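**Student:** Take this structure, written in structure tokens, and hold onto it; I'll ask about it next.
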């Protein structure tokens, strides 16, 4: 009989996604058929499913932890921010429109139908559904029509365990305060709590755990010590980049990644961040691109035209041209590839108001935004060295021009992708996930004069998931969590 458990948090980035992934691996190893589920996610870091849909990257990692293929039903509502007040709305893998934050509230009753439909589909094919909430149930101003936290928990009668992050401080106030602001019927859905990311001697917080339990009446399910290897797993939230780009090692080649306001699919760079032979720095607003950079990467973007305007406002276009005069390399990924061309046109207003503007002019190609979004897994080889790759496309827009006659990649179905400049210093591609391929990554490192030190990226992810599952089994009452799960 299928059971379900919902993991909510006192706020964003308290570790909900990773805890669900670790529990998914732990319970899968016990022989259970586990399915991850997040009713509503907000992220521009998405993954492509086998049926050509898209879901949040965190749910794809959780599916991997559960050793099942990602499904659009694991994240039935995905919001992809395009501005400070609006987002694309993806339902069961397909974009259905764009909504402003205020207008989105009116969509929720209809979206709840899709959420419950997807949940039932997963329930029918599993022993345990691990549900992840979004943000915090303490955001009571958003409670009416909620589909992400208590609205879902109440609709399905799914028990909730809430997570607090002690590493950021104030965990007692966060947990006790969450209960204090909630309606009694919502608060009653929370059966226990987890304190995450503890550093030091856990016995020193025993009184804190007891105090939280006494004040709330919740069962303590464990104090999870900080897990340093979590940084080796692909991040979903761009907030992780604020930490990721902090350090530079002047003794190895430097890869500078432009930190666009609407950066998307930035996990493309995660395998490079783990390579000891290079240093990866995300360049924030207001800072010049380091002159010592060996490679500049223009990453994916949810709003390419706006982020191109932003790039110019930072003076990065000037830095890029100076970089090329020094004989260094530039790589554009997806939206970054579009920026490298002569022009970008959006006549249908796919990204906002219809407009067109000049590109950087570093590749002899032009892009026209199109209504149809391409979502597909791809395989093939690079034209330069015939090295194999696998990855995925996730973009709107067609890019054509003379430099496209000199593509970077050739797909297995014969199609070409990307473009390379005549001098070979500038390249662009629509393919995401290129650097997760060990031989592709090694080839790019060789071009920078660096030796690969990470021999098998994918095997490394698997090993970290197993070690994190071990970590949770050692520090959480996993048997108690299973007993809490109600049969559906």
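Placed from the backbone N, Cα and C atoms, the Cβ positions cover glycine too.
As annotated in Swiss-Prot:
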ACT_SITE  334  active site, nucleophile
ACT_SITE  432  active site
DOMAIN    252-440  domain 'GATase cobBQ-type'
**Student:** List the Cα distance (Å, whole number) between residue 432 (active site) and the residue listed as 'active site, nucleophile'.
**Tutor:** 7
**Student:** I'd like the number of other C-beta atoms within 10 A of the C-beta of the residue listed as 'active site', please.
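**Tutor:** Its Cβ has 24 other Cβ atoms within 10 Å.
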**Student:** Report the same-chain neighbours of residue 334 (active site, nucleophile): residues 6+ apart in sequence with Cβ closer than 8 Å to its Cβ, ordered by sequence.
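**Tutor:** Counting only residues 6 or more apart in sequence, the Cβ neighbours of residue 334 (active site, nucleophile) under 8 Å are 264, 265, 299, 300, 301, 394, 395, 429, 430, 432.
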**Student:** Should the residue listed as 'active site, nucleophile' be counted as helix, strand, or coil on the basis of DSSP?
**Tutor:** coil
**Student:** What mean pLDDT does the predicted model reach across the domain 'GATase cobBQ-type' (252-440)?
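**Tutor:** Its mean pLDDT is 96.
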